[in-house]
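S.K.: Positions annotated as repeat 'Solcar 1' by Swiss-Prot: 4-77. If you look up Swiss-Prot, you'll see 5-25, 49-69, 85-105, 142-162, 182-202, 238-258 marked as transmembrane segment, on the strength of sequence analysis. Annotation source Swiss-Prot lists repeat 'Solcar 2' at 86-168. The repeat 'Solcar 3' annotation in Swiss-Prot covers 177-265.
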Amino acid sequence: MDRPGFVAALVAGGVAGVSVDLILFPLDTIKTRLQSPQGFSKAGGFHGIYAGVPSAAIGSFPNAAAFFITYEYVKWFLHADSSSYLTPMKHMLAASAGEVVACLIRVPSEVVKQRAQVSASTRTFQIFSNILYEEGIQGLYRGYKSTVLREIPFSLVQFPLWESLKALWSWRQDHVVDSWQSAVCGAFAGGFAAAVTTPLDVAKTRITLAKAGSSTADGNVLSVLHGVWRSQGLAGLFAGVFPRMAAISLGGFIFLGAYDRTHSLLLEVGRKSP
């Protein structure tokens, strides 16, 4: 990948990430509180809906930028084989690699954010300090495995579906999709991926919010899912599915649309620059 492409992916990914995380933060808070062990009301209900937003604001740009740099680089690296039937597989591999890298940044931000969302009266920096004091760096990476196990299946569904919908729309209208059309494809892809991966999101939330030293905090996703199934059934496994779908559908519209638009503009500026 050349330097203009690298810079375009870096900036476009970061801009898209910040836009989505800040605009849709209230929906994310509602989803987290619905999935929390203490239940929606005890976790804060609709009070302090922006609790934890500083953590999201700090982490969103580098997280999204890291994802898209990796995603675009792996797509470029695999481009040597132009077989069209392998294209979805390339997108899956690129998205999976992007998630593994991005989660190194996302998880600490997410841990602090989610604990703030269910403890609205506690300041974000205090939560960050408490985690470091009580659990060390390991505490900030609580749920890394469960986050990766959530994000990779999500990306395996979302990104190939997004790319396929764009390709189909481009073929139908005989020219490359516009930014708004890319955003619509992103909304459909994101909403569908969000729905089918909600149980993994529930497990990840429970692990992140668990008390240090508890069995849930160990991070065994299957064990957590089994526990939720036994205590709450299917409703527990899909807790927060509608706000999650709404947030990620809107997020897909904004995120992927903003990414495509910003990426195209930056590449165009790069071509015009001497």
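Note: Cβ is positioned from N, Cα and C throughout, glycine not excepted.
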S.K.: Quick one: average pLDDT across the repeat 'Solcar 2' (86-168), no decimals.
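M.R.: So the average pLDDT across the repeat 'Solcar 2' (86-168) works out to 89.
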S.K.: Summarise the repeat 'Solcar 1' (4-77) as counts of helix, strand and coil residues per DSSP.
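M.R.: Helix, strand, coil within the repeat 'Solcar 1' (4-77): 56 helix, 0 strand, 18 coil.
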